[in-house]
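Scroll down for the structure; my scribbles are underneath it.
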Amino acid sequence: MKLVFGWESVNVVISTMQRRAALAAALLAGAALVSACGPAGGASGPAAGGAGTHAAATPGGGASSTTQQAAPAQLSVSPADAATGVLPTAPVTVRAESGTLGSVTLKATDGETVDGAVGADGTWKASGRLTPGTAYTLTAKATGPDGTPSTVTSSFTTLRPAVTATYGLIPGGGTVGVGMPVSVQFDSPVATKTERAQVEKLMRISVSPKQEGAWGWLDNRQLMWRPKSYWLPGTHVTVTAPLHGVQTGEGKWVAADHTTSFTVGSSMVSTVDMNAHTMTVRQNGAVLRTFKVSTGRPGPKTETRYGTKVIISRDGDVTMDSTTIGIPKGKPGYYKIDTKWAMRLTWTGEFVHSAPWSVGAQGNANVSHGCTNMAPADAQWMFEHSKVGDVVKFTGSNRPFQPTEGYGIWMYSFSQWKAQSALA
């Protein structure tokens, strides 16, 4: 058998001319050479030794000198055997130069199997990307022109990245509000538009019942999917991220796939009128409660942002510390306060929460550092009836909510959102 690995080849097929020369030499050598032509000598001939550890295993390797040598298949395999630093996107192929190619399997050391298929030209090609920093073994079976079966085994190792890119899928399950986006959150930037487009093309989402929606990037670390309008209550969503082997920057590759499923609950949409100092809560379109509130006092750093926000998280007890928004201890405006029934709306520190110290101002004036203050009992009710993904709209200030300050997908019209796609 002839094994071709990349540009290198090992010829394990003895030509007819070589066999005739060997036979003539044997006749001249007499009895001494006849002894070497027995079964033991056949096992150490060129067909076995020349292929090394990657020789095809063929039946009849110990046949006597009177039996015509078999003509096994010749295979070309890429990447080369024992190759290292193979790119996860490199093609893995097997082609029969002579004979017929049979089954091919490609497995990682952890048992992962890479699918593949034989194309119209007779070449087997792996259909999936490889995982970075992983050893693979390829096993190919073939049949020679004379019907002789054989097997080839080849191994290689993929590139170990300088940086392994990690990411998470949000939400991670459970029941969420109608404003919750699907979010693919990378730990570091996906550097180029081409790389972001590759990530986006690979993402899969299943929505039941079907609703129109689109992927878009808030920035180079956050890929999100949102429906055209808010989710329909009762929607079931499954998201698959088959991103292993995707490059996200120089020397940076993704090594894992992720999936998540979640359900959309009832529609809870609240509206905060910062001029009237009220919050109106609607469930499935019907008004449930109206509360007195106090939002951020006037000022470039304290005024509550206007716009459509989504509850990011819920915590029964939270310590509000101004150092997290750039106001250190000892400076004007510094605070560190323990609060209850907190619902986060922005990464920049805006919450809806209990504020017993401002009850007198609630419904009358805006006195907070940017949060939406509620009376303790009102905040507890709101907390107990809310979920991550519920919508809270704010009107009546001069400070806009920027999309990257939270789950800002609803700050775009649907046509604007579709333009955020790396494929647009």
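Just so you know, glycine gets a Cβ as well, placed from its N, Cα and C.
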For this session: With TrEMBL as the source, identify the stretch among 43-77, 78-112, 148-182, 183-217 annotated region 'Disordered'.
Result: 43-77
Exercise. Where HIS353 (active site, proton donor/acceptor) and CYS371 (active site, nucleophile) are concerned, what is their Cα separation in Å, rounded?
Worked result: 7
Exercise. Across all chains shown, how many C-beta atoms besides its own are within 10 angstroms of the C-beta of HIS353 (active site, proton donor/acceptor)?
Worked result: 25
Problem set entry | Where HIS353 (active site, proton donor/acceptor) sits in the secondary structure, as DSSP reduces it to three classes | strand
Seminar exercise, completed: For CYS371 (active site, nucleophile), the same-chain residues 6+ apart in sequence with C-beta under 8 angstroms from its C-beta are THR295, GLY296, THR304, MET320, GLY349, GLU350, PHE351, VAL352, HIS353, ALA355
Seminar exercise, completed: DSSP puts the residues of the domain 'L,D-TPase catalytic' (268-395) at 17 helix, 57 strand, 54 coil
Exercise. Along the domain 'L,D-TPase catalytic' (268-395), what average pLDDT does this model show?
Worked result: 96
